[in-house]
Each structure stands twice: as C-alpha cells, then as structure tokens.
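One structure is given here, and the rest of the page talks about it.
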C-alpha cells in the first residue's frame, strides 16, 4: 500500500509529468498527490484518468487531484516538470529552452516559495541544472532541498551502452556520466567498473570484444538522447520518469542511495572558480542531499569537468540576466 502521510506535488503534467504520475502511482510511494498545471483542465483530466484505474484490484487507493500552489504547503516532495508549451517543434538543444522557460521558472518558484520552503524540490525541466541553480540563488530556497535529476539518466545510458557492448546486464556496470545534463557531460571511466573489473581491463575478460574508447563512448551516450528525441518526434519521457521515481524512492524511504544528481556547489570543489549546480555522486535521503563525493578523476576527466562547469556557468549567467529582465518587464 502507499506510504501513509507522504504527499507529492507534480508541477507540470505534460508528457513527462504525466509519465511520472503513472510511474509513481505504480510504485505506491505516496498517499496523496496534487497536480498543478496552468492548463487546469489537463491536470484535472490526468487526475481523473488515474483515479478511474483505482477501481482495479491491482491498484492502491491514493488521493490524486488537481490543485493550486497553496496545496503544496504540506507537500514532502515536489517534482518540477513544467515547461514552455510549444505549438510547433520543440527545440532539440536544452539551452534553447532556457529563454522560454525563464517565465515558467518564475511562476513556479514564486508559487512554491510563497507556501513552502520545506519540501524537497526535484527539477526535471530543462536546462535542468541551470533552473535548479536559479531556484536556490534567486528564490532563496534551501540548497540542500533542491536537486536536479542531473546525470542520472545520462549515467543509466552509459551503463546500458557499456553493457550492450559486452553483452551483459546493465546493472552489472557501475559508472557515471558527470557534469552537465547535456552536451558537455562526460563518462568518468577511470571510476567505471564491471563487478570490480576496471574499465581499462575489461578487454582482458571479454575475449573477442573490442575495447571501448572513452571519447567515442561519451559521444555515443550524449547522442543517444537526441536519437530518442528525434525518433519520438520531440519528447523523451519514459526513462526520465523512471529516473524521477528512483530518486523519489530513495527520498521517501530514506535509503541514503548514492546517485549522480545535480546539486549546488560553491567555489573550491575540484579547484573550480564557479559556484554552479552540476552532477556528482551524492548520498540522498529524506532530508535531501546528505553528502556529496568528490571522487578521484584523472587529468582528462578534470579537464572535461572544468569545460562542462563553464558551460553551465555561462547558462546560469544568461538565465539570471533573462530572469532580471523578465521581472522588470513584469513590474512595468
């Protein structure tokens, strides 16, 4: 049965938000779920559709309804999946979404912060690291309670790619994509292993299988996101919804799972000069981020991390400027 007393808010019930709703209901993690969307009929329809399924013997009775930001006052966790609604083609580049998603961010964070600063926020909307960072710096939301799904999906794609190459179960692979959720992410293969076998020695154990090249592997993982986006004509929703549920599970059950989520970092980590939000392995529990691990990186990885952080920092600066401009125009 659903965990008693746990309340989830989902802001934005488009393709991704609706998929998160279905997956989280199947996981029986919450006893109450409120849906918020500027398209109130859409939120009401998604809630009603899921309530109808509760007439089945295999489905738990969960309170699911369309609501307002005031309904988030007692929420334990809030998933932010809201994004600009495009009538035509959705931009493929995550950064192209930033200009259009700044007004969305302002509406969402204003609505949330007026009613709670206690709930843990999980950002899915892109560019996810930039939006999560601005939620902390521009709306004074506690940084330990703001997460982005970061490179959780990128890392799952990495594990799948390695496993597919060697013909094994992806769960046998331990490894991370780090940095930005986007084009500048990279495979930290110095820490990747298959049941303890280091990445550089895998070819010794898999005879007849060519060794993987780190640059090509990174490119393959990054490109795979766009393959899904193109083939599904402008959306990636199934895997990211599963990512959200995995993250929600470790929070609700206080599992202290180590996941590569996007979190706020000040200056100094890996000798970086910028304060940005990016992905490193972090211990996640009921209170959000418990601790973050500055794992060993080789020189190539440190260089790639610096490049990725610079990309995110540029996006944050641009986003902050656009947010200030948007606020001025709104007040005029």
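Including glycine, each Cβ sits where the backbone N, Cα and C put it.
Per TrEMBL, the candidate among 23, 28, 101, 140 that belongs to the NAD(+) site alongside 12, 13, 14, 15, 16, 17, 37, 124, 125, 126 is 101. For the pair residue 14 (NAD(+) binding site) and residue 181 (active site, proton acceptor), the C-alpha distance works out to 20 angstrom. Across the fold, the C-alpha of residue 181 (active site, proton acceptor) and the C-alpha of residue 126 (NAD(+) binding site) stand 9 Å from each other.
The DSSP breakdown of the domain 'Lactate/malate dehydrogenase N-terminal' (7-147), given as helix, strand and coil counts, is 64 helix, 24 strand, 53 coil. In the shown protein chains, 24 other C-beta atoms lie within 10 A of the C-beta of residue 126 (NAD(+) binding site). Mean pLDDT across the domain 'Lactate/malate dehydrogenase C-terminal' (151-317) comes to 95 in this model.
Maximum C-alpha to C-alpha distance over the listed NAD(+)-binding residues 12, 13, 14, 15, 16, 17, 37, 101, 124, 125, 126 is 17 Å.
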